[in-house]
C-alpha cells in the first residue's frame, strides 16, 4: 500500500467518524450536572455562577452545612390561596449546591391550592403526608391527568409541565415534594400573566385570552396591580 492510498484511507475514516458524531444524538442531562467533588457548600454571598454557586472553603465547612430543619415547621396558610410553600432549595440549604436535588414542604388549609405552575429545570415527585389532595397536570398536547391522593400516596410531575395541588379534604393537608435540581424554579401562571414587572400589554392578554380589557384589569386588581 503506497503513502497516497494510506492517507486516503485515514482521511476517509476520519470523515466517516465526524459524520457519525454529527448524526448521532448528543448526550443530554435530565437534571443538574453531576458534581466533580464530594461536596460544594454554596457561598451565598458570592454571585451565582453557571449552574450553581461558588464553593465555600472546605476549611470553613461544618456539620451544620449538611442539615436543614426548615421543613419541620408548619407554614402560615392565612392568605388568599390558603396554602404555604416552604422551599428547601440551595438558597435555603447551601449544602445542596451542585448535588442536583431539593425538596419543598406545602401546607394547605381546607380548600387551599398550590396554583397552576411549572418547574422549568426539574421533574417533581411528591408524597401526601396528611389530608386529601387533588393533584393534576396538563401535557403539551393539552391532555389533563389527575387523581385524588390521600396520606402515603405519591405522585410525579414530568419536567416543565403545568400542574397544581388542591386540598379537597375537610381538614388541613400536607405534602412534601422533591426535585432533581438544586433550584428547580417556578413559573406560577397567574403571577406570570397578571403580576409581571412591567406588565404584559393589555392587547396581548385580551387577544390571547379572548376577553375584554375590563376583565384583564379586574384580574390584575386581585394581585395588587
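Residue numbering: from 1, along the chain as shown.
Cβ atoms are placed via backbone N, Cα and C, with glycine included.
Record features (TrEMBL):
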| type | residues | note |
| --- | --- | --- |
| BINDING | 104, 114, 119, 124 | oxalate binding site |
| BINDING | 117, 119, 124, 163 | Mn(2+) binding site |
| DISULFID | 40-55 | disulfide bond |
| DOMAIN | 69-217 | domain 'Cupin type-1' |
| SIGNAL | 1-30 | signal peptide |
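Helix, strand and coil counts under DSSP for the domain 'Cupin type-1' (69-217) come to 25 helix, 59 strand, 65 coil. Between the CA atoms of residue 114 (oxalate binding site) and residue 40 (disulfide bond) there is a gap of 32 Å. Reported as a whole number, the C-alpha separation between residue 40 (disulfide bond) and residue 104 (oxalate binding site) equals 21 Å. Listed binding-site residues: 104, 114; maximum Cβ neighbour count within 10 Å falls on 114. Looking only at other Cβ atoms within 10 Å, the busiest spot among the binding-site residues 117, 119 turns out to be 119. The Mn(2+) site is defined by 117, 119, 124, 163, and by the 8 Å test on Cβ atoms against their centroid, the other residues of the chain that qualify are 118, 137, 157, 161, 162, 184, 186. Around residue 163 (Mn(2+) binding site), the same-chain residues six or more apart in sequence whose CB sits under 8 Å from its CB are 116, 117, 118, 124, 135, 136, 137, 138, 157, listed in sequence order. Distance noted between the C-alpha atoms of residue 104 (oxalate binding site) and residue 55 (disulfide bond) is 23 Å.
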